[in-house]
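Visitor: According to Swiss-Prot:
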| type | residues | note |
| --- | --- | --- |
| ACT_SITE | 175 | active site, nucleophile |
| BINDING | 62, 63, 64, 65, 66, 86, 139, 172, 217, 245, 268, 297, 318, 319 | FMN binding site |
| BINDING | 66, 111, 112, 113, 114, 115, 172, 177, 246, 247 | substrate binding site |
């Protein structure tokens, strides 16, 4: 009930202003009695993933809490993990406003945020400051002004700094809103990046005496052959996990709606079938050797179950969470427990 009232107010506001207000409010209330307005008890449904044990298989996707400011509040809601970021080595403002658009009839969102964040050093401070022991993945990317050919260096900088504080690290090469970024998903550029990250991971594991898994987040706008090539590269470089998928550049299911022609990545219900299809193809290519987090268009427990059936071990929500509220977490966990 509280979420429906809050949502009604928020949906009257500019989307980015509403987002910033929500994150600020959650930051202030995460460890206070006021978190009773959104906290919920969810019975454990433990799941093993990348050598880690999560309390349940439902996580918050990257992009909601870019700077890790409201981690404790999301823990109170019952998420099994939170993925913060995308974070870059240096702070950057992102793309020009407006850059976030609701397509309410389709339960969808278009964004062209452009990795706006306060930088990796600020994120590390927030990771240290969190009060709860929730599993936190850190999604890392490159700065907009770093040439793609040197992008590897940005990922290594971020990895080095977040490694001691992350449950796992997600490598984002699939956002459509950073020029040239998606080119890292192909051929020699991909192999070179994954190899460098794996080498760095093993160095950091020795240095910090703990092994932090790394996962690759991929786009939905890939051919079957491209997905197979990515799968082979992940296996070859001994990556620990994959996350499928990011937002799509297609506009299937939103034609004619207000804001449908805005540039950027489309998320939400129109992405449901495409992301599930990619998960299934990726799972085939990985052949059980590397586990997958399924994300994209999960608007109900049934959508999540389809991701599990396609080959995902865990799922993440974002747009569906905005449209449905925290109850979606509980619904998915309960359905998972019964499946």
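Just so you know, glycine gets a Cβ as well, placed from its N, Cα and C.
Can you walk me through where each of these features ends up in the structure?
Guide: Within 10 Å of the C-beta of residue 217 (FMN binding site) there are 27 other C-beta atoms, taking all protein chains into account. For the recorded site, residue 217 (FMN binding site), the DSSP three-state label reads strand.
Within its own chain, residue 246 (substrate binding site) has 172, 174, 175, 176, 217, 218, 219, 220, 265, 296 as residues 6 or more apart in sequence whose C-beta sits under 8 angstroms from its own.
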Visitor: Hey, what's the Cβ neighbour count for residue 66 (FMN binding site) at 10 Å?
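Guide: By my count, 22.
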Visitor: Enter the number of other CB atoms within 10 angstroms of the CB of residue 114 (substrate binding site).
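Guide: Total other Cβ atoms inside 10 Å, all chains included: 19.
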Visitor: With the cut-off set at 10 Å between Cβ atoms, which of these binding-site residues ends up with the most neighbours? Options: 62, 64.
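Guide: Per the Cβ count, the most surrounded site is 62.
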Visitor: Might you list, by sequence position, any residue in that chain lying six or more from residue 268 (FMN binding site) with a Cβ less than 8 Å away from its Cβ?
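Guide: Set apart from residue 268 (FMN binding site) by at least 6 residues yet with Cβ under 8 Å, we have 103, 106, 107, 108, 109, 297, 299, 319, 320, 323.
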Visitor: Which three-state DSSP class does residue 139 (FMN binding site) fall into?
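Guide: For residue 139 (FMN binding site) - judged by DSSP and reduced to three states - the answer is strand.
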Visitor: Would you work out the biggest C-alpha to C-alpha distance among 62, 63, 64, 65, 66, 86, 139, 172, 217, 245, 268, 297, 318, 319, the residues that bind FMN according to the record, and give it in angstrom as a whole number?
Guide: 20
